[in-house]
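Below is one structure; the comments refer to it alone.
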Amino acid sequence: MTAEEASIPVFEGLNKLEEGLKSHGKTAPPSTPTANDGLVENGILEHAPCQPLTMIFARGTNEDGNMGKGIGRPLAAALRAKTDNKIIVQGVNYDASIAGNLLLGLNGGPIMADLVKQSVAQCPDSKILLVGYSQGAMVTHAGKLLTHEKISAIAVFGDPGRLIPFANIPPEKTKEYCNEGDPVCLNGFSWAAHESYAVLADDAADFLIKASS
């Protein structure tokens with residue numbers, strides 16, 4: 001697949017994403033979240049004690065905090081429950097605006113890659129999990145390309161670039177969640193399907209734990 005061919009599904013997914021967001025009338029959140037109510041996770045930046053696992057999560061367009069109100073929080077909770085809280089969680093503090101979609105993840109990818117680098121420096125034995133939702137899935141694609149560190153597992157949800165494989169990681173260590181009907185990952189025409197990934201938190205947590213073992 002050429003770069004030009006690979007970009008076609010991404011732009012189709014972005015068009016659906018922009019249409020859906022505009023129809024919902026959402027506005028952009030602050031790009032530097034500070035409240036710690038589950039919407040914000042800064043385990044790496046706050047130098048949390050090292051744990052066996054570290055998850056770096058990129059939220060979707062216009063989601064609150066740095067974890068969002070969709071899959072981010074329930075996935076973090078599921079991972080904590082299944083690992084006896086032996087995990088560090090960090091959200092990517094990037095501007096998840098509608099306009100940012102046109103950057104194909106490069107607005108947050110470098111930030112995610114820097115977080116990976118910082119995580120390895122602080123906790124070299126911690127296995128790193130990269131996760132993203134919607135625009136955050138594109139950030140995850142970019143973040144993976146920009147880091148030279150070993151990533152143990154990747155999961156993305158509602159990914160506009162679903163047909164583009166992640167580089168330099170075994171395919172069995174990655175998982176694309178695309179709900180039936182989700183237009184952003186080119187699987188239908190239901191915006192509700194794109195906003196319904198929270199129910200997959202347990203499944204995704206199980207996958208990430210197993211894939212990183």
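The backbone N, Cα and C atoms fix where each Cβ goes, glycine too.
The model shown is predicted, which means the values in this text are computed figures rather than measured ones.
Listed features, source TrEMBL:
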DISULFID  Cys50-Cys123  disulfide bond
ACT_SITE  Ser134  active site, nucleophile
DISULFID  Cys178-Cys185  disulfide bond
ACT_SITE  Asp182  active site
ACT_SITE  His194  active site, proton donor/acceptor
Cα separation, His194 (active site, proton donor/acceptor) to Ser134 (active site, nucleophile) (Å, whole number): 8
Helix, strand or coil at His194 (active site, proton donor/acceptor) [DSSP, three-state]: helix
Recorded positions near Cys185 (disulfide bond) (Cα-Cα within 10 Å), from Cys50, Cys123, His194: His194
C-beta crowding around Cys178 (disulfide bond), within 10 angstroms: 21
Spatially closest candidate among Cys178, Asp182, His194, the listed recorded positions, to Cys123 (disulfide bond) (Cα to Cα): Cys178
Proximal residue to the residue listed as 'active site, proton donor/acceptor' among recorded positions Cys50, Cys178, Asp182 (C-alpha distance): Asp182
Those disulfide-bonded residues listed as Cys50, Cys123, Cys185, and which of them has the most Cβ atoms within 10 Å of its own Cβ: Cys185
Those active-site residues listed as Ser134, Asp182, and which of them has the most Cβ atoms within 10 Å of its own Cβ: Ser134
